[in-house]
Amino acid sequence: MVAHRARRRKRASATQLYQTCKQAGTCPSDVINKIEHTTLADKILQWGSLFTFFGNLGIGTGAGSGGRAGYVPLGTRPTTVVDASPARPPIVVESVGPTDPSIVTLVEESSVVNAGASFPNFTGTAGFEVTSSSTTTPAVLDITPTTGSVHVSSTHFTNPSFVEPPVIEVPQTGEVSGHILVSTPTSGVHSYEEIPMQTFAVHGTGTEPISSTPIPGLRRIAAPRLYQRAFQQVKVTDPTFLTKPETLITVDNPVFEDADTTLTFSPSGVAPDPDFLDIVALHRPAFTTRRGGVRFSRLGTKATMRTRSGKQIGARVHYYYDVSPIAHTEEIEMQPLLSANNSFDGLYDIYANLDDEAPVSSHLSIATPSRLPTNTVPLSFSSQTTNVTIPLGKYWDVPIYSGPDIVLPTGPTTWPYAPQAPFDTTHDVVIHGSTFALWPVYFLRRRRRKHVPYFLADGGVAA
């Protein structure tokens, strides 16, 4: 940390110190010697001047006045003489006495100059002659009308700025001879047609939109942040806080406004409830859910301190009242839709093992390589019977319905054998399996480190 030195204050001059400390007798010796010229240098000059005399050279301890005769200028420029402006004659001020006329003549009397023009000469003595006429015909001016028709138009404007109150009147129709022009100003109305209004909805369900274009979705309103560090949390147990909170702050007064608005109070010394002491404002209520219950909350402002300027300082308090708890949702045990005796292992496919016996005409035996049963499956054909053995990873017993008997065409028994076309026909396969059938390609996929031979023996499978 850098230490800052104090600013050096200027010391008073010796003259100022001598004026203040001479009378008190506390002046330092150097100040007295400097002011009274008693220093060592002053004494040497005083002693030396007693024995030396330099004449009129002006060398001494006194002021430099140049001796008795003064300094002699060595060589200077001559002074320049400035011409003075001529003096103006004084203005004579004439005094006006009480007997002098108050009218001041602007132009002095002067002689009249004759320009040479002759003066008019009047010879008559009877005055002016008046001439009268006895004609009684009025003077009529002959005005020839111009060619063309005269157009007279009238226009009506409505300005709401100069109408009190501003109203809209029916405009007057403007007429022009020969032409009809109907014009309506912007602020007016034109010829209208009365259309009776009809009621489209009489009884509603309560779900109608309140605007023409309702906003899709829901708008989440931000919840009040009542659980901050700036708010003091106070729990209220009196149920009067819900309906008449003012009775907890001051004396009951029926003039108070509705309890759903912000209530203001004057600071009082004593409150019926000590938790509401120094409360000057109680804001609007709010219902919130917290920790499994419905809570009624209000924010209050206290006026604990008051400054000289009139500003009130106090804490903000969050008053809450727990109305009722929210019951937990009952957990309903899920019941299986199928009976318990139907146990299925793994996924359902066409090779699923069904315990229920069904009347089948034949059974297909499927076994693993370690266990190869030799069950035969008699398939209904008209000419021959084929035995099929399919080794798979697990033993399943799948019922297969063979369908109707189809007589296949056969060739002659004599040699050479000539096959007839078509040799075989497509047969219907009806398998009562589960919800889906797995594509056989997925059974033939090879997996690592598991070598199981998949093969079909004894020809093809037909059903």
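Cβ from N, Cα, C; glycine included.
Swiss-Prot has this to say about the protein:
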MOTIF     1-12  motif 'Nuclear localization signal'
DISULFID  Cys21-Cys27  disulfide bond
MOTIF     444-452  motif 'Nuclear localization signal'
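Secondary structure at Cys27 (disulfide bond), as computed by DSSP, is coil.
The predicted model assigns the motif 'Nuclear localization signal' (444-452) a mean pLDDT of 59. According to its DSSP assignment, Cys21 (disulfide bond) is helical.
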